[in-house]
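Here the structure is laid out as C-alpha cells; the discussion comes afterwards.
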Amino acid sequence: MVSNIYLIGPRACGKTTVGKQLADKLRLEFFDSDEVLVRKAGCEIAQYVEQHGWDGFRDLEAEVLRELSVQQNAVISCGGGIVVREENRTLLGDNFTVYIKADVETLANRLLSDPNHDQRPSLTGKSIVDEIREVLDAREDLYSGCANLVADGSGSIEDVCSEILDSYQSFSKGEK
C-alpha cells in the first residue's frame with residue numbers, strides 16, 4: 001500500500017473538497033497543507049506573504065510538506081504552488097500524487113464564488129482570469145510531471161473521487 005495520497009493543482013481546483021471525501025471513503029486521515037501552514041504561521045497566508053515575502057512563504061510551505069510527509073496513510077491537499085520547488089516535487093514523486101486539473105473558466109468561477117478568496121494574495125497582480133492563465137502556463141508541466149494521475153476537476157466531486165480511487169487501487173497493486 002502507498003503511504004500517502006497527495007492532491008495538487010491550482011487554487012480552486014477542488015483539492016480540499018475532494019481530499020476530505022477521498023479520505024472519508026478510504027478511512028484515512030486528511031490534512032490540508034494550507035490549513036497546517038496557517039496554524040503554524042499564526043496568521044493568514046496573505047498576511048504571512050506580506051510580512052515574509054513569497055520566498056519566506058515557500059520556505060514555510062516546504063517545511064509543512066516535509067512535516068506532513070511523515071504521516072502514514074493520509075490524504076494531503078497541497079497548496080497550489082507546492083510544485084514550484086524541486087524538493088517538493090521530489091517528495092511528491094515518492095507517493096501517489098494526483099493533479100486535479102480544471103480549465104480557466106471553472107477555476108475563475110470557483111474563486112469568485114469563494115467568500116474567502118480575498119485571504120489569498122495575488123500571485124501576479126493581474127485580474128483573476130489573467131492570473132489563472134499565467135499560473136497554469138507556468139505550472140502545467142510541473143503539475144503533470146509530479147502526477148501519477150491527472151484527474152478531471154471540472155466534473156462532480158463524486159466523479160473525481162471515483163477516478164482517483166480506481167487509479168489508486170491499481171497503483172497500490174503495482175499496476176501503475
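Here the Cβ of each residue, glycine as well, is placed from N, Cα and C on the backbone.
Automatic, uncurated: that is what TrEMBL annotation is.
Following the DSSP three-state reduction, the secondary structure of C13 (ATP binding site) is coil. Neighbour density for C13 (ATP binding site): within 10 A of its CB lie 25 other CB atoms from the protein chains shown. Summarising the annotation, TrEMBL assigns ATP binding site to A12, C13, G14, K15, T16, T17, R120.
Counting Cβ atoms from all protein chains shown, T16 (ATP binding site) has 17 others lying within 10 Å of its own Cβ. What TrEMBL lists as Mg(2+) binding site is T16.
Residues or ranges marked as substrate binding site in TrEMBL: D34, R58, G80, R139. Secondary structure from DSSP puts R58 (substrate binding site) in a helix. Within its own chain, R58 (substrate binding site) has G81, V84, R85 as residues 6 or more apart in sequence whose C-beta sits under 8 angstroms from its own.
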What is the interatomic distance between the Cα atoms of R120 (ATP binding site) and D34 (substrate binding site), given in whole Å? 11
Using a Cβ cut-off under 8 Å and a sequence separation of 6 or more, which residues in the same chain sit near T17 (ATP binding site)? I157
Candidates D34, G80, R139 (binding-site residues); nearest Cα to G14 (ATP binding site) turns out to be G80
Residue among binding-site residues D34, G80, R139 with Cα closest to the Cα of A12 (ATP binding site): G80
Tally every other Cβ atom lying within 10 Å of the Cβ atom of K15 (ATP binding site). 29
